[in-house]
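Remarks on the structure that follows.
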Amino acid sequence: MIKRTYIEPAIRTLVGGFILGNGALIYLQPQWLWIWLSILFFVGINLFQSGITKFCIMEKLLKKLHFRSELDEIRSLSQANAEAEAKAAYSDTLELLNEVVIELSQDGKLVFLSDHWFKLLGNEDHDKFSYLGRPFTSLLNNYDKVALESLLEELLKGDGGTVNMRFRMMRDDQHEHWVEGKFALHQKKGIVQGIRGVLRDVTEAHMQEKRISHMAMHDALTNLPNRVYLDERIAQEISHSNFAQTKFAIFFIDLDNFKQINDLHGHKSGDQLLVDVSSILRASLRESDVLARWGGDEFVVLLPLMQDAEIARKVANGLMQKLQVNLEKMYSDTFVTLSIGIAIFPDDAETGGDLLVQADKALFYAKSQGRNNIQMFGEMQASAPGYEDSEMTARFAAAVKQNLLQVYYQPVMDATNYRNIVGVEALARWHDEKYGWVSPAIFIPLAENLGLINEVGRQVFEQALNHFSKCSGVCANLKLALNVSKRQLVSNDFYEMIVAMVQGYGMNPGQIILEITESIALQGVDQAKSHLQKLADAGFSLSLDDFGTGFSSLSHVHELPFDEIKIDISFVRRIKTPEGRVLVKTIVDMGHAMQQILVAEGVEDSETADILREMGVERLQGYYFSRPMPKENCATFISELLQINELAT
């Protein structure tokens, strides 16, 4: 009988296929028992090890999951700390800045203000949080509010970039101050949140700019607007008159026999007379009328909004009568009269330059008719066939064709040694048999209108280079300054022409200074820059003439390759006044900051020269040293200076 042993199900699991399915183990002979026990032991050990392994794996898995949880927590804390540190760093950075940083919602309301906000409001005790939620533009001047709202609206509609604007904000003390703002889109992960802006109080700088601008556009003696201002106003009036279909008049006014009065009573008395005349004329005109000093004893009146040209004659007659009555009371021993020439827009001319030329022609005719009278250009043409509109134009064109223009030279002196000449400026002059010496203010516009300005420039360059090359002994270390017109600068062949001309006379570009007025240089900076850079690369020195008259565009000056700056004469004439001295010093400091050599024009006395020298101006030019003179006189002037310097050493 075969013996069967019952095995527990748990043990059956261990021995697997060796156990019968009904729980009975086949009886084995004793000699096989140890083999089965070994098998059971081996299987048990393996199962135990497998369990341990699984347990270890599970433990590692649990530990990893726990570690990851801790890591996520650490990362979360680190991110929070990093954001907190970034915010703290951002806040610290804002504290270091003088500017105010603001953030606006998309509807223009303030959502963030840096701590320097109080600087814009003039009150350190204010609660900046009280401004949050308010429309930013509600704090602006009404005129600027509309402009800034439009600008910010365009920014939100665009693809990015920045916008800039100068505007007026209302301080807590109800005074307006000027703020310069730069604005850009505020985005997070590519989504626009609003607008971020940086604000800076520029009130002081703005007022300084206004003072300098006023000086640049007003006459030093009479404080009347000058030619720069007049040109702008005429351009504005042309635009308005074309739109409104109205007329306006230009008066050219000249004091009769002023030179004799000046010579008899002295320059100070002459200057006082000009001041008194300007005051009387100004008081006799409407507030909307413009009275400008043209130069010397000449004034210009712009009479806007006329429906009838006859109004101009009535106003001119009134000016003559009021001037005579008032001056008779002030100067009992002096009889002063006026000659007035009048041109009407658009009857007599359609451009500002032509209008001034026509008015000047009418003035010339008035003087030729015995002075102390009024002539209108339109009537003059009909009543004076000998003085036709085209006469001066024709005579000037003939002079250019026959190469009759002359070149005069004005010395430029070393500010540290008034006996040391460093260069000369070439100036165009025209003498006509009928009209005598004609001012460049008259014939240069004629040249431009006739399309002859490039030819005039070429003739001046030709003569000047010829003269300069022939005086190599006395001119060896001097520089020759040549004035460049806008048409010359942008013409396609100017570069090749000037280079060939300089080389043709055996000179090198390093001896030549090309003078470009600020208004020309700053009209289309990018275009001017390419032309100027080409000239600079060829070795020419470049001078920015009339510096200060384009002050609003000073931010562009540093982009252009100039070597020197010529301070406009309107600033130099004011240098004896405290305000004028401060402003000239400001210009000098700005010029030196841009690493420029400073040249002052219009130096007429030793006091002015000394002040400019003390300010650090390197070069001086003006009547104090010499008036413009022909080549023979200039050569003598230079030779005598060289001899004096040799004797001094």
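Glycine is no exception: its Cβ is also placed from the backbone N, Cα and C atoms.
Where the annotation comes from TrEMBL, it is an automatic prediction and has not been curated.
Your range for transmembrane segment, going by TrEMBL and the list 9-28, 29-48, is 9-28. Mean model confidence of the domain 'EAL' (389-642) amounts to 87 (pLDDT, 0 to 100 scale). When DSSP labels each residue, the domain 'GGDEF' (246-379) comes out as 66 helix, 35 strand, 33 coil, counted as helix, strand and coil in that order.
Mapped onto DSSP helix, strand and coil, the domain 'PAC' (163-214) counts 12 helix, 32 strand, 8 coil.
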